[in-house]
Amino acid sequence: MKDLLPDLCDLYPEKLQIAEPIFTSYGKRSHFYGEVVTVSCFEDNSRVRELVAENGKGKVMVIDGGGSKRRALLGDMLAEKAVDNGWEGFVINGAIRDIAAQSQLNIGIHALCAHPMPTEKRGLGDLGKTLRFAGMTIAQGDYIYCDLNGIVVSKQPLALP
């Protein structure tokens, strides 16, 4: 496994936002990247459920759950659907669950923590909004790169080393 982020930081220091080191890698793929699709939701993963059913090839779903550690925004069933629909991964400012199952899925997942409680399903949340967390501002259509070194965001796609 190659360390992608140190190389990107060497090559493009002026083009990157670097996330505060608050995330843990949970998916089988610790190294992933793609075009950002944003979701803003607090303890309700209804919009996440909608998006994983869509084609996610080349895309990473970035979910701002307000940093809540009381409800899991992603479980194994939604993660499996995301794999089936080609999503590259998830970056979640919140919790996930079903850690053992998700660790076996061929997808990248960075989240704050694990928590066994599911979300409420109230149909709440927003798609496509600009998000602010972990010291970054992330817009729909930005590009995100993740590995075990952390997370970086760029306004345009970067040539990989």
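The first residue you see is number 1, and the count goes up from there.
Cβ atoms are placed via backbone N, Cα and C, with glycine included.
In Swiss-Prot, the substrate site is described by G75, D76, M77, L78, and among R47, R97 the residue recorded at this site is R97.
Excluding G75, D76, M77, L78, R97, which define the substrate site, the same chain contributes A72, L74, A79, E80, I96, D98, A101, Q102 within 8 Å (Cβ to the Cβ centroid), listed in sequence order.
Maximum C-alpha to C-alpha distance over the listed substrate-binding residues G75, D76, M77, L78, R97 is 11 Å. With respect to their backbone Cα atoms, D76 (substrate binding site) and D98 (divalent metal cation binding site) stand 6 Å from each other.
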